[in-house]
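Look at Swiss-Prot and you will find 43-63, 67-87, 93-113, 124-144, 159-179, 182-202, 259-279, 294-314, 332-352, 379-399 tagged as transmembrane segment.
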Amino acid sequence: MMYQPDREPGEDSCLVLSSSSVQRCTGSQRGCMPCTWAASKAFVGIGLQACVLTSSILHIDLLTRNSTCLILMIISMYVLSLIRVPISKMETIVTVCRSIQALATLVAASVWVAGSAVKKEHLLIVVTVCILFVFIAGTQISLFYVICSANGTGTHFRASLLAIIGGCVLGVSVKLVELKDVPIGIGIAIAIIASCQDFGLALRDTCHYRIGRYACMRTFTDLGRGINYRWVTDVEAVPKIEEVAEEKVSLFKFFKEMPGVIFSPAVGTHATPIIWIVLRLVYGISNVWQTPAYVVFCLTVGHVSAMLLEQLVIRVNYTAEASSGIHSTAHAVCMVLAAFGYGVAAPLSLAFTVSGGILGALYLRKRATGARRLAATHISRWLIVCVYVAAGLCYATIITH
């Protein structure tokens, strides 16, 4: 790590933040292929972890044949996303969770290999409990990865979002294949690979990430340990320097500053499953608009549209507020359409929920700089989880008979 004080911070030639684990890292803002390759592997790992999490949820549904379990698991993800844990403690939790995920996978694999030597009832119980542990551990790991990627550059965050949705689509494929030896073996291998490395830390230890964090925080400290300084005046109008630790920034300030960007997707998260339930009661299983394929399609379209609109919303004044109003209006229209029995309201509402949630997460992260970035990314993470919770609850309405 090298810093030349006689040059302006941010110039390409003045700042070198080399990785401590990536070999042949140049630490240059002009490009570093070893770190690009390391970051790419980290994104693959983040996607595989999302695949493991999605697959564990669907496996519990397949084993229990009870949509109540599926709904409870989805809601538990939502609750966990609301809890803010310091980064240092989160790193310890993730280390333990990776071990739990690997151990639970190995136990389930051992019971599966034993096959006929174990009673079917006992096998079902053991495998279900193991997959439940994989779900609990995988949720914590995935939440941590979102925070890590969101505190890098914008490219890191967008790439992680694409990796997550790609992993979710791969995990959903468990519903499309028959559970035989080869698919089960591949699933076990993916779970073990996802448990072998902390891909969040691997991403953070690339020069691109470190340079991006320095550009935001003006600090060489690792995530969660940064402190900014600002001038403030006390009651006697005497200026003084105040320390602002990124872990101490309140989340509630963002709710006051950008309420529409945050609450619009949150309302959509709650309204969309209601729309799907209403249409389910009207049409039953004959509604062609309510299928797992449409859930995946809406997730994909929502992600793509949000990323295409990101720069417009960030660069043009009042566009974010207008976007929130458009999404809220769309949800209101979808609710009216659902009340009159129009099935197309189901995919439209989910697509707008996904688009609003991802766009809100991207916008909120971009607007928060310095020590405020970490707190903002906790809200961004919650918005992203809201998107997948809405999609999961919509899927639950499909399989409920």
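Yeah, the Cβs are placed from backbone N, Cα and C, and that goes for glycine too.
Segment contact holds for the transmembrane segment (259-279) and the transmembrane segment (332-352), given three or more CB pairs below 8 angstroms at sequence separation of 6 or more. For the transmembrane segment (93-113), the partner stretch with the highest count of Cβ pairs under 8 angstroms, out of 67-87, 124-144, 332-352, 379-399, is 124-144. Taking Cβ pairs closer than 8 Å, the transmembrane segment (332-352) reaches residues 268, 271-272, 274-276, 278-279, 282-283, 287-290, 294-295, 297-299, 301-302, 305, 390-391, 394 in its own chain, all 6 or more past its ends. Between the transmembrane segment (124-144) and the transmembrane segment (43-63), three or more CB pairs separated by 6 or more residues in sequence fall under 8 Å, so the two stretches touch. Panel annotation: around the transmembrane segment (67-87), residues 57, 60-61, 93, 135, 139-140, 143, 147, 223-225, 247, 251, 374, 378, 381-382, 385-386, 388-389, 392-393, 395-396, 399-400 of the same chain, lying at least six beyond its termini, place a Cβ under 8 Å from a Cβ of the stretch.
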